[in-house]
């Protein structure tokens, strides 16, 4: 078995190292990650300049001076001799639930695997601290082992969020849907030393839909949240109404 491992926190991130060590007994693991922290990079590709790949002298991890998506793209299309059995991303420093998934570089790295027909799993640790990172890595390895032993049909994309709890306090796995957040806080406006305005993106909004069945609800109750995602963004329930709307508009012109 072969696993391609990436993340969005960068190749020096503790979450990447912990997940690598947890996955090594399960498969041959190649690491290709961004050189820098790319949180919030989403599915962006670097198209305006060439990319360079380096290798850490201490860990052997490969890293690219680009985005999480760049990392997986370069590995799959330019470095690996054969397609891996699984792309794994994480462990992220902080949750990726609800609307977070649209911005997440962690999820994006996994998504790039799906783009090339490779099943993928993204792992995130709820709350921005590493207090129970080794426990989270243990859970991640259990999920990966279960997938390798019992693959889901097709090319699944799973988004996994692990509560920041000791292993013994975790209550199991829950399959969930994405919750929803309130809009993020307004940007923070400051003045730089030259007297020019600068802006910081505000904090993420609180949970709006954290009802039973959502990722927010499951992790708050101590469960590991597993949410199957898809690339098709088509709003199928709006197709009929949109056809009627478009037909009325084209007939009026």
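Please read every residue number as a count from 1 along the shown chain.
From the backbone N, Cα and C atoms, a Cβ is placed for every residue, glycine too.
Computed from a predicted structure; not experimentally measured.
Just one of 65, 92 is listed by Swiss-Prot for the same divalent metal cation site as 8, 9, 39, and that one is 92. Highest Cβ count within 10 Å among the binding-site residues 39, 92: 92. All chains included, 23 other C-beta atoms sit within 10 angstroms of the C-beta of residue 9 (divalent metal cation binding site).
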